[in-house]
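**Student:** Below, the features straight out of TrEMBL:
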type: DOMAIN; residues: A:2-143; note: domain 'Globin'
Amino acid sequence: MSLSAKDKLAVKTFFGKVAPKVEDIGREALARTLFVYPQTKTYFSHWADLSPSSPQVKKHGLTVLNGVLSAVELIDDLKGGLLTLSELHAFMLRVDPANFKIINHNLLVVFAMMFPDDFTPEVHVSVDKFLAQVSLALAEKYR
Amino acid sequence: MVEWTEFERATIQDIFTNMNYDVVGQQSLARCLIVYPWTQRYFGKFGNLYNAAAIMGNPMVAAHGKVVLRGLEKAAKNMDNIKATYADLSVLHSEKLHVDPDNFRLLGDCLTVVVAAQLGAAFTPEAQAAFQKFLAVAISSLRRQYH
């Protein structure tokens, strides 16, 4: 399910609107991941506060969404462009790749909440495909 | 048996009481057919599903979206007995409609996105958790009679 030219354009346009709100959206998406899917908290046992209002959640949400935004720039070669990030996730963080689907779902929910008019079904399918490709690229070095 | 907190019960009642079934039904099913095009396999008799615009404007999609939501409303009105409430529906989906149960999750995800768009900030993480738990129970009950 690779990205067509239409998908890439939809993704670039939509994430252009996401970029100014990267902090809010990143925090919301991560907060929901931790809250709605409590098993994801196991990766953050070293944080004091895992609630939606936690400063660590805010900071890390920003880190994650900035990573996604950087992937938009690398959309023509995700596997190559995300090689270093893949190594980080594979060898250091060792996040089970099943969790990429979880955070992707919560990104979609927050996009729908914050951009009800822009997040049309056509944009939704392109963004969903893109996030799936990003997840694949991140999982590249796992084994 | 599923345990529901007061908050979860209130949240589910709230969402369904305030829902515009015409809008949410049409939007959820249409979105599912667009975002996961292989789900169109079950709607061969629905006429023109060739592109997103056609799907969004298709009156059979709109009507059927509402049917699906009315089905979910039944579960919302019988939260302590969803399994029994859905026994016949489960047999229907398995024996007559032959729907791959994985599709229930796909439609559920699209419904979550549509409800999120409708409620905006009111769709708090707590509300999302309650809604997704409800959908998971409904889906599990719908899968129950498959063999």
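Heads up, the Cβ atoms here are built off N, Cα and C, so glycines get one too.
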**Student:** State the mean pLDDT for the domain 'Globin' (A:2-143).
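**Tutor:** The answer is 96, the mean pLDDT of the model over that range.
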**Student:** Could you give me three numbers for the domain 'Globin' (A:2-143), the DSSP helix, strand and coil residue counts?
**Tutor:** 109 helix, 0 strand, 33 coil
